[in-house]
Amino acid sequence: MDRSTETELFLVTSISYTSMVAYKCMNIQNSLALELIFWILPQYIAICYPDWIVYLYIMLICIIFLKRKNLFVKYKEEPIKNYYPILDSYRAYLMLMVVISIFAVDFNFYPERFKKSSFFGLTLMDVGIGSFLFNSGAMSVKMSRIKLIFNSLIMIGLGFVRLFTILYFNYTVDITEYGYHMNFYFILGAVYFIYGIIRSKYNFKIALLLTVIYEYFLRVKNQDVFIFSEYRNSLFLKNKEGIYSILPSLTIFMFSSEFGNIGFSKDSNKEKYMKILGMSCMFLFIYYISNGYMIASRRLGNLTYVSWIVGLHSLHLFLSLTVTAFVSFKPLRLHVWVSKNMLTLFLFSNILVLIGNLLFDWKKINEMLGNIVNISYIFISIIIPYIFTKNK
């Protein structure tokens, strides 16, 4: 299986910034249909047909160039309550990628190199897991400890619901992801709970210390060999991937909370710009150095993987800050809705994925019908809930 490259992953995950600037340059009235065409469709094409990515960028850049006179037109819009242009657009872009990928991955036309890795290497699905953690961590700074613990209990409850559903329907899961019984809801629940207890003004330093300790055990104590082993003769061993992933997931969550503090701070855009860029460069440098010793592994949650996730997503945050600082956008209601309802959207889309996989074998349908099904799924998971709740 071909591996994704860092450049390809960056281009695929960054297409929304370019497409939304092109949308701005068109200088047309905001509408749901146009948001679908300029935001959702380009991201869908970039994920499912990455070989077209260069042509997609060329087309969007041509639109920007031809309509560049509209690029810096200022808009005066009615203020939206609790609207943070930088974080809301950033969260919406990343959440859209997660929603698209978790359903499209079961179709034959989804690129093999984007599917979750079992051992080493970077894939889009591996990035998607980190995306949700980074998003959640960035927004956690607005939550009280009680809210964090409450979210933890909800996630654990959902984890049991998913587990019982899988056992009842005898649904096949990849045990190299989290093990036999663990799932992402359990991981996120544990992260919320631990973070709710240990959260402090030293989040960044604590996360750095935990990352170093975990990396020491992986490399020096040969825990990487243990995690990759086939031993499954106890409850712990059956779920060792999920149990071991809690700590690196927590560090990603805690690192991202630092970026949330920057994003929500009252600092000037220039100060935010420099802080985020500096930290992004630091994590990407750590990734470059660490990658020379051990390739990134989602299953291990090693330093290379953690630094790539934080580096890539902080770079996205930097891009969001840059675009919103220089280009005046009309607030896109769909962006705001996706950002504010991220957890609900994630749960709803996962339910649709589970139902679809239980009822149909998506690999047996042809490509054209598969694309129609995927677009319909996006419409059902995002557009319809938005229409019914936008005025509430």
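Glycine residues also receive a Cβ, built from the backbone N, Cα and C atoms like all the rest.
Because TrEMBL annotations are produced automatically, they should be read as predictions rather than curated entries.
Model, not experiment: these values are computed from the prediction.
These features come from TrEMBL:
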TRANSMEM  44-66  transmembrane segment
TRANSMEM  92-111  transmembrane segment
TRANSMEM  117-136  transmembrane segment
TRANSMEM  148-172  transmembrane segment
TRANSMEM  178-195  transmembrane segment
TRANSMEM  243-264  transmembrane segment
TRANSMEM  276-296  transmembrane segment
TRANSMEM  308-329  transmembrane segment
TRANSMEM  341-360  transmembrane segment
TRANSMEM  372-389  transmembrane segment
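Sequence-distant neighbours of the transmembrane segment (276-296) (same chain, 6+ residues past either end, Cβ-Cβ under 8 Å): 120-122, 126, 218-219, 224, 255, 258-259, 262, 302-305, 307-308, 310-312, 314-315, 317-318, 321.
The stretch with the most CB contacts under 8 Å to the transmembrane segment (117-136), chosen from 44-66, 178-195, 243-264, 341-360, 372-389, is 243-264. Under the criterion of 3 or more C-beta pairs below 8 Å, with sequence separation of 6 or more, the transmembrane segment (372-389) and the transmembrane segment (92-111) qualify as touching. With a cut-off of 8 Å on Cβ pairs spaced 6 or more residues apart, the transmembrane segment (148-172) and the transmembrane segment (341-360) reach 3 or more such pairs and are scored as touching. Within its own chain, the transmembrane segment (44-66) is flanked in space by residues 8, 11-12, 15, 18-19, 21-22, 25-26, 97, 100-101, 104, 109-111, 114, 124, 371, 374-375, 378, which lie at least six positions past its ends and keep a Cβ under 8 Å from the stretch.
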